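Participant: Below is a structure I'd like to ask you about.
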Amino acid sequence: MSIKSDKWIRRMAESTGMIEPFEPGQIREADGKKIISYGTSSYGYDIRCAPEFKVFTNIHSTVVDPKNFDEKSFVDFHGDSCIIPPNSFALARTLEYFRIPRNVLTICLGKSTYARCGIIVNVTPFEPEWEGYVTLEFSNTTPLPAKIYAGEGCAQVLFFESDEVCETSYKDRGGKYQGQQGVTLPKA
């Protein structure tokens, strides 16, 4: 398995719709102001957060159970930025829609700009033939409220191409998050 370059990412995005919308360069400024960068980098793609958030709250004092998750644990919020309470988290989704080729696996890592502020972005790998908007998890590890920005970079996707095609893809096995459209809560 080898990591793929900016040239490969551009070619795949433009010819197969692997990433939509796609930014072929690296954007660091908008409307004359500095932003957290997004777009194609040397060996990855910096994804953006959409203005759609689910902020975790403890108002119902419930147990967090991934097999029986209570939707009332979240407050829905739409906006250009989102404040995450201390020691809490928020879910969001990418602006970009992904279509992963059958011989490719991705790993997604948080951007250091957020990590240096105690905000950790967690995303699982995008498996072969998975497609959809990516659900993002932002953890605020600080004792203070933390701000995240919609429309700006939040994580980097690295693409790895296998030397052979997998026998069973995410699509083949009917993966439960296939084709997700919005912020998607846990499914057992």
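Even glycines carry a Cβ here, placed using N, Cα and C.
According to Swiss-Prot, the record shows the following:
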type	residues	note
ACT_SITE	GLU137	active site, proton donor/acceptor
BINDING	LYS111, SER112, THR113, TYR114, ALA115, ARG116, THR135, LEU136, GLU137, GLN156, TYR170, GLN180	dCTP binding site
Participant: Roughly how wide, in whole Å, is the group LYS111, SER112, THR113, TYR114, ALA115, ARG116, THR135, LEU136, GLU137, GLN156, TYR170, GLN180 that binds dCTP, by largest Cα to Cα distance?
Facilitator: 33
Participant: Would you mind pulling the DSSP three-state label for THR113 (dCTP binding site)?
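Facilitator: Assignment for THR113 (dCTP binding site) reads helix.
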Participant: Highest Cβ count within 10 Å among the binding-site residues THR113, THR135: which residue is it?
Facilitator: THR135
Participant: Can you check which residues sit near the residue listed as 'active site, proton donor/acceptor', meaning Cβ under 8 Å from its Cβ, same chain, 6 or more apart in sequence, and list them in order?
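Facilitator: Result: PHE89, ALA90, LEU91, VAL121, ASN122, VAL123.
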